[in-house]
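J.: The structure follows.
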Amino acid sequence: MTLPKAFDERIRIQLGDEYEDYIKCFDSDMYHGIRVNTSKISVEDFLKISPFELEPVPWTKNGFYYDHRKYTPSKHPYYYAGLYYIQEPSAMTPASVLDIEDGDVVLDICAAPGGKSTELAAKLNGTGILISNDISNSRAKALLKNLELFGIGNMCVVSEPPNNLSKAFEGTFDKILIDAPCSGEGMFRKSSSMMTAWENNGTELFAGLQRGILNEACKMLKPGGKLLYSTCTFSPEEDERSVEYLLSIDDSMHLVDFPKYEKFDDGNPAWGETGNPELVKCSRLWPHHVKGEGHFIALFEKDQDDSYRGNSTYSFKSYRPDEDFIAFIKHVSESAGIKTDRIEENNGRLYYISEGMPDVKGLRLLRHGLFLGEVKKNRFEPSQSLAMYLKSDQFDNVVSFLADDIRVIKYLKGETVELEDDQDIENGYVLVCVDGYPLGWAKNNRGVLKNKYLSGWRMMS
Ligand SMILES: C[S@@+](CC[C@H](N)C(=O)[O-])C[C@H]1O[C@@H](n2cnc3c(N)ncnc32)[C@H](O)[C@@H]1O
């Protein structure tokens with residue numbers, strides 16, 4: 001392993017006596033983790049059914065290390081049931097540090113592919129709204145899939161540059177997360193291509209991008225709101241100095257403390273330009289101090305402002321529920337919280353819009369609200385996202401297979417599946433589950449389940 005020369009020279013000075021310890025990290029493998037989706041299953045219940053031996057990540061209560069030589073969590077049916085997200089352990093820190101309260105309106109500006117958004121959404125626990133944005137449309141598609149897999153309905157997925165967001169969302173958010181594009185020095189062990197990218201781009205390019213994003217983010221935060229800034233790099237220019245930049249452009253923003261795991265380092269005032277002692281409130285995770293690849297985190301709060309008057313909310317296009325949809329929704333329990341007066345129709349596609357959705361008019365949207373399904377000629381076809389959103393006791397026609405039943409894999413591969421004689425399931429739409437956790441839809445015809453699993457989500461091998 002050869003580090004980029006300019007990086008090696010800088011990190012040698014930055015780390016001093018610790019340089020050799022840092023370099024030794026490259027002799028061992030990176031850490032692998034999963035984070036439990038607490039909006040679907042409690043950590044306690046997951047540990048009872050976990051197919052993997054797990055070791056807790058000490059700074060995140062729902063994060064665990066697994067041995068990647070023994071297990072492939074992305075191939076297990078519980079992955080398809082959205083029970084966990086596969087995430088590098090230090091990357092679990094930002095969303096765990098940002099305290100989310102019920103009813104919060106939250107923005108994740110650089111969200112794809114959704115490692116942090118899925119946790120922010122789980123922490124909202126079905127209340128409030130999450131707006132998840134990524135400037136890259138193709139990456140935003142992966143973000144949407146991950147949020148849907150997690151069963152999230154109170155969300156909107158957007159693909160816009162931050163200056164367009166700030167025109168629409170001035171003073172809108174209780175919480176904002178900026179997991180900024182960065183030079184990725186904490187990813188060197190994961191992939192040597194990150195070193196090549198570092199050599200090509202350096203740190204300045206990203207420092208510029210970060211300042212642009214921070215500038216727009218401040219405008220969108222409500223008075224009293226909190227903003228979390230994170231990178232997966234160690235460069236002072238992108239870490240302490242980006243923090244100093246934000247403090248310099250908006251004097252209503254100040255750094256706040258957050259609980260730190262004992263092996264996290266404090267931010268270093270000496271690595272800033274101003275020497276601001278407040279920078280110790282930030283945190284840097286070094287791979288030679290913690291079992292993770294590395295991250296930097298800063299938490300800000302905006303001062304209260306008595307003149308604040310709120311922002312506009314979503315304006316509905318009215319929809320008169322179609323008969324086929326009404327016939328279907330009768331099978332869904334009221335506890336799922338889908339109110340027919342908050343449904344919007346667009347070319348036959350129905351969306352449930354949660355309360356508190358901000359006005360998203362004019363933005364490039366990949367999804368607003370929960371996609372319920374499509375009204376086609378004389379029938380309603382429920383969506384994959386609705387199946388993932390529901391709990392198994394919220395639909396009145398359910399079949400649940402054990403995780404090791406071969407029919408689970410067949411179902412996930414898109415094949416037809418047969419019920420056993422003693423499985424008394426009504427004809428029509430069935431919510432197919434693994435160990436009681438929904439995977440998708442099928443249509444039962446006298447014991448034969450016609451597969452309705454979303455084709456783009458099928459298990460490949
Ligand atoms: C570090 S990654 C985000 C990872 C993500 N938060 C997660 O946990 O899965 C940074 C993301 O920022 C996006 N990005 C780059 N420039 C951006 C900009 N100006 N505004 C919004 N997103 C941007 C990139 O497309 C990339 O997906």
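Cβ coordinates are placed from backbone N, Cα and C, and glycine is handled just like the others.
Feature table excerpt (TrEMBL):
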type: ACT_SITE; residues: CYS232; note: active site, nucleophile
type: BINDING; residues: CYS110, ALA111, ALA112, PRO113, GLY114, GLY115, LYS116, ASP134, ASP179; note: S-adenosyl-L-methionine binding site
type: DOMAIN; residues: 22-303; note: domain 'SAM-dependent MTase RsmB/NOP-type'
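Map the listed features onto the structure and describe their local environment.
T.: In sequence order, SER90, ALA91, CYS182, GLY184, GLU185, GLY186, MET187, GLU293, GLY294, HIS295, PHE296 make up the list of same-chain residues 6 or more apart from CYS232 (active site, nucleophile) whose Cβ falls under 8 Å from its Cβ. In this structure, CYS232 (active site, nucleophile) belongs to neither helix nor strand by DSSP; it is coil.
Over all protein chains present, the Cβ of ASP179 (S-adenosyl-L-methionine binding site) has 23 other Cβ atoms lying within 10 Å.
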J.: Hey, what's the Cβ neighbour count for CYS110 (S-adenosyl-L-methionine binding site) at 10 Å?
T.: 24
J.: Using a Cβ cut-off under 8 Å and a sequence separation of 6 or more, which residues in the same chain sit near ALA112 (S-adenosyl-L-methionine binding site)?
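T.: Expected: ASP134, SER136, ARG139, ALA140, ALA142, LEU143.
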J.: Averaged across the domain 'SAM-dependent MTase RsmB/NOP-type' (22-303), what pLDDT does the model get? Just tell me the whole number, please.
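T.: Averaging the confidence scores along the domain 'SAM-dependent MTase RsmB/NOP-type' (22-303) gives 97.
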J.: Which ones in the same chain are close to GLY114 (S-adenosyl-L-methionine binding site), with CB under 8 Å and 6+ residues apart in sequence?
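T.: Expected: TYR85, SER132, ALA142, LEU143, ASN146, LEU147, PHE150.
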J.: Within 8 Å of the Cβ centroid of the S-adenosyl-L-methionine site residues CYS110, ALA111, ALA112, PRO113, GLY114, GLY115, LYS116, ASP134, ASP179, which other residues of the same chain have their Cβ?
T.: ASP108, SER117, SER132, ARG139, LEU143
J.: Rounded to a whole number, what is the top Cα to Cα distance in Å among the residues the record ties to S-adenosyl-L-methionine, namely CYS110, ALA111, ALA112, PRO113, GLY114, GLY115, LYS116, ASP134, ASP179?
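T.: Across CYS110, ALA111, ALA112, PRO113, GLY114, GLY115, LYS116, ASP134, ASP179, the widest Cα separation comes out at 13 Å.
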